[in-house]
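**Student:** First the structure, then my questions, so here it is.
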Amino acid sequence: MIDTDPALFDGGRRLPLVEDFYTIQGEGFHAGKPAYFIRLGGCDVGCRWCDAKYTWNPRRYPPVDVQVVIDRALTCPARAIVITGGEPLLYPLDILTRTLHDRGLQIFLETSGTHPFSGRFDWVCLSPKRQQPPLDEAFRRAHELKVIVEREDDLQWAEQNAARVGDDCLLYLQPEWSVYERMMPLLVEYAKAHPQWNISIQTHKFMHIP
Ligand SMILES: C[S@@+](CC[C@H](N)C(=O)[O-])C[C@H]1O[C@@H](n2cnc3c(N)ncnc32)[C@H](O)[C@@H]1O
Ligand SMILES: Nc1nc2[nH]cc(C(=O)O)c2c(=O)[nH]1
Ligand code: SF4
Ligand SMILES: [Mg+2]
């Protein structure tokens, strides 16, 4: 269990920041868009292939004043902010997201959907995980469903999740990075046969950017 003691985060006035950086959104619908990333520490979902394992232990990332993070983001020319982690919904995100939104920025969320929502988002990317499936609320809130495919039977898992999102939610299959070469032909054939699905690849890894 992750310690999300409200006193520690003072209603979102402090957050366990791992890193913040300006890059290009590599994945999903907004791929290719310059965006300022805010990555929060702490996740208990435990994906074997997680490419952000260094974020899992929130004790490594003592809470920082949210205003410091906001001020840094506002010095950047980006028009979009991606809030990711770790699992960002572990924390109260109202102050962070509303302040940045009120300054005219688009706020995007990357989440496993395993915790209740807080905050105000212009775009929600839900990436469901078998071992800890999303809450109902996350399916309702998702603009984009991005299922990571590591093996062929993840396609069935993808369909189970697609059956739970709203009609307007975009559907993406994203190959797990270490099996990219092996999974890609299968994903391409699947999307061609089931054109409600789109392909997302982690383009930032090919661009060698964060
Ligand atoms: C590191 S997670 C952080 C946000 C949240 N915990 C989640 O899983 O959505 C960001 C995105 O990277 C994806 N991801 C993580 N490791 C990956 C890998 N090895 N290959 C492909 N996608 C990966 C996740 O599924 C998620 O969509
Ligand atoms: N460039 C870039 N795009 C991303 N899209 C989602 C990411 C994430 O880790 O949440 C990510 C990331 O880590 N880097
Ligand atoms: S839910 Fe996200 S951050 Fe957590 S282990 Fe899985 S991919 Fe990593
Ligand atoms: Mg990433």
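For all residues, glycine too, the Cβ spot is worked out from N, Cα and C.
All TrEMBL annotations are machine predictions without curation.
Not my notes, these are from TrEMBL:
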- I24, Q25, G26, R39, T84, P210: substrate binding site (BINDING)
- 30-210: domain 'Radical SAM core' (DOMAIN)
- C43, C47, C50: [4Fe-4S] cluster binding site (BINDING)
- W49, C50, D51, G86, S127, P128, K129: S-adenosyl-L-methionine binding site (BINDING)
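Just tell me what is around each of these and how deep it sits.
**Tutor:** With a 10 A radius on its CB, Q25 (substrate binding site) counts 22 other CB atoms from all the protein chains.
According to its DSSP assignment, C47 ([4Fe-4S] cluster binding site) is coil. Under 8 Å, Cβ to Cβ, and six or more positions away along its own chain, C47 ([4Fe-4S] cluster binding site) finds K129, Q131, I148.
In sequence order, C43, W56 make up the list of same-chain residues 6 or more apart from C50 ([4Fe-4S] cluster binding site) whose Cβ falls under 8 Å from its Cβ.
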**Student:** Listed binding-site residues: Q25, G26, D51, T84, G86, S127. Which have a CB under 6 angstroms from an atom of ligand 2?
**Tutor:** Q25, G26, T84
**Student:** What does DSSP say about T84 (substrate binding site): helix, strand or coil?
**Tutor:** strand
**Student:** Excluding I24, Q25, G26, R39, T84, P210 themselves, which residues in that chain have a Cβ inside 8 Å of the centre of the Cβ atoms defining the substrate site?
**Tutor:** F21, T23, E27, A35, F37, V82, H204
**Student:** Enumerate in sequence order the binding-site residues G26, R39, C43, C47, C50, T84 whose Cβ-atom distance to ligand 3 is under 6 angstroms.
**Tutor:** C43, C47, C50
**Student:** Out of I24, C43, give me whichever of these binding-site residues has the highest number of other Cβ atoms within 10 Å.
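**Tutor:** Ranked by Cβ atoms within 10 Å, first place goes to C43.
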